[in-house]
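See below for the structure under consideration.
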Amino acid sequence: MQFNYDVIVVGAGHAGCEAAAAAAKLGSQVLLITPDMNKIAQMSCNPAVGGIAKGQIVREIDALGGRMGIVTDATAIQFRMLNRSKGPAMWSPRAQSDRMRFMEAWRDIVEHEPNLYMWQDSVRCLSIRQGAVAGVVTALGVEFQARTVVLTTGTFLGGVMHFGERMIEGGRIAEPAFHGITEQLRDLGFRTDRMKTGTPARIDGRSIDFSLTTEQSGEEDHHRFSYMDTPRRVLRQRSCYALYTNPECHEILSKGLDRSPLYNGQIQSIGPRYCPSIETKIVTFADKEMHQLFLEPEGETSNEFYLNGFSSSLPLEIQLEALKAIPALRHVHIYRPGYAIEYDFFDPTQLRHTLETKPVKGLFFAGQINGTTGYEEAAGQGLIAGINAHLHCHGAGEFTLGRDEAYIGVLIDDLVSKGVDEPYRMFTSRAEYRILLRQDDADMRLTPKAEAIGLADSRRSELLREKQVFRDKLIDFTHKFSLKPDLINPHLESAGHLPLKQGIKLYDLLLRPQIGMNEVCSMVPSLQRIVEEIPASRREEIVEAAEILIKYDGYIKRERALADKINRLESIRLPQHVDYMQMQSLSTEARQKLTSIRPETIAQASRIPGVSPHDVSILLVLCGR
């Protein structure tokens, strides 16, 4: 029997689900292969979505027609907007999610997406013919043929879990690892290595003394990750709880370090710098007497809690003893211990910006296989890989995002141009155009691109136009409406603001950092009437978007001009068959890096570590500039 598809997606994690859903929505016949259909989009670590820079990625995924934002909104049990005390370029949405409902919501999407089919199995190897992928062969011996394959294998390629001295093969607790794909691709010349990540114990909430913790509730107004107006039932909101380790806890952990895989030589791989294990914390920060932890609820009604900040691969008995040294956890019962896991990843400089591999045509990688960490980073890559897998099948060009267009663009460019030597996670500091990549306007930046390829439906387009019309109407009004001191000063003085000495435009008044649009509405009835025309469910979002554009107009224009200047280098393409090793005028390091990465444009070459401005000038001469 022959089974033929346009796109095969291997793995149904966050990257795989976005890839499969996007390709299917665009019209490809898609097969999603997973060893467990009951664990689609499993939240393998903490039950949360978003956070600093990650929340922006989720909004970008939604603006492009992806599903992570919609699923998060439907399953959120707490919402917070982080960094509100800073400028809007730093605002980052974050939500606690009901883990089980999150998987159920994704399963519902996958099952009801036309053109998307599932197969429960694992993949043994790829079918590759004449340098191009042709399908996969599963552990059951079934061969599926396809014009493109997207690998989103997470931590399952060669996965080995560490529970103290005990080592168990697996990609997740109680789930087997995959073998065969890494070995096959290595034989084809792919560069591969190992990385490590970890997860903490899960705790029974009935054994926690919450009176000895600090409650952290969410925000009362129910924000959304999605720009869509999809109806939803708001789940019962749950709090998180803060607590701290102490010297007694640290002493117990220290005595067990000789049994820690991280310190006895058992683990050789590099773990995530910004999510260190508790063992790493007490060694690296030996002078600190306490480290903050957070108890995060796993669901709307669940007693299970995730202990954020206590990732560990120490033996169970040491983990348990150390936890019981914390007053709130004196009588703790755990559902399962923390553990570390090592897995295979592939050097992402072997990818193009479409996430297609350079050595094998039609083969795409997304997620942890590229050396990243995080649900959001994986989902963003999956979406781009799924779009491009579809376009590749139908000879319809390619879809990429620039560093000035999306955090997803920054993420992929960093991977492709710089590579990774540790698990990569996104931060706002990685983006040079943060003011252009705000979470409030991802729809303005990206939904037109989704419309152009057919990924945005008509309702999404309607909502974008509505937002644009009302936002521009508000801004236009502020440019035209003049304020007289005798009318506005009583309001300003009663609110503690400096009075006006002469008449000014409303726009100029709003440039004052301490004065907001909502406050001005109470002073200017005609502005209030425009605000009241906006649908109530979107009023706060649209007013906020207009206010940000007014207050940060100068900064936005300056950053846009800088981005446009750099983008001119993006249009200068490098010849792909030049022998850089023969270009003696380039530095030795530049020759090596350019040969290995083979950048597509001058701009990409300029971002490669080791390629100097002098090297870039030589490349410009090569391109006839």
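FYI, residue positions are counted from 1 along the chain as it appears here.
Cβ coordinates are placed from backbone N, Cα and C, and glycine is handled just like the others.
Counting only same-chain residues six or more apart in sequence, the Cβ atoms lying under 8 angstroms from the Cβ of Ala15 (FAD binding site) belong to Thr152, Gly154, Ala366, Gly367, Gln368, Ala378, Ala379, Gln381, Gly382, Ala385. Feature annotation from Swiss-Prot assigns FAD binding site to Gly11, Ala12, Gly13, His14, Ala15, Gly16.
For Glu279 (NAD(+) binding site), the Cβ neighbour count at a 10 Å cut-off comes to 23, with all displayed protein chains included. Taken from Swiss-Prot, the feature NAD(+) binding site applies to 271-285.
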Look at each of the binding-site residues, Arg273, Val283, and point out the one with the fewest other Cβ atoms around it within 10 Å. Arg273
List nothing but the one residue from Gly11, Gly16, Gly271 whose Cβ has the fewest other Cβ atoms within 10 Å; the candidates are the binding-site residues. Gly271
Cys275 (NAD(+) binding site) has its Cβ surrounded, within 10 angstroms, by a count of other Cβ atoms equal to 19
Would you kindly give the Cα-Cα distance separating Cys275 (NAD(+) binding site) and Gly11 (FAD binding site), rounded to the nearest Å? 24
For the binding-site residues Lys281, Phe285, which Cβ has the most other Cβ atoms within 10 Å, all shown protein chains included? Lys281
Measuring Cα to Cα, how many Å separate Phe285 (NAD(+) binding site) from His14 (FAD binding site)? 33
How far is it from Ala12 (FAD binding site) to Gly271 (NAD(+) binding site), counting Cα to Cα, in Å? 23
Restricting to the same chain and to sequence separations of six or more, state which residues have a Cβ under 8 Å from that of His14 (FAD binding site). Ala41, Met68, Gly367, Tyr375, Glu376, Ala378, Ala379, Gly382
Within 10 angstroms of the C-beta of Ser277 (NAD(+) binding site), the count of other C-beta atoms across all shown chains comes to 27
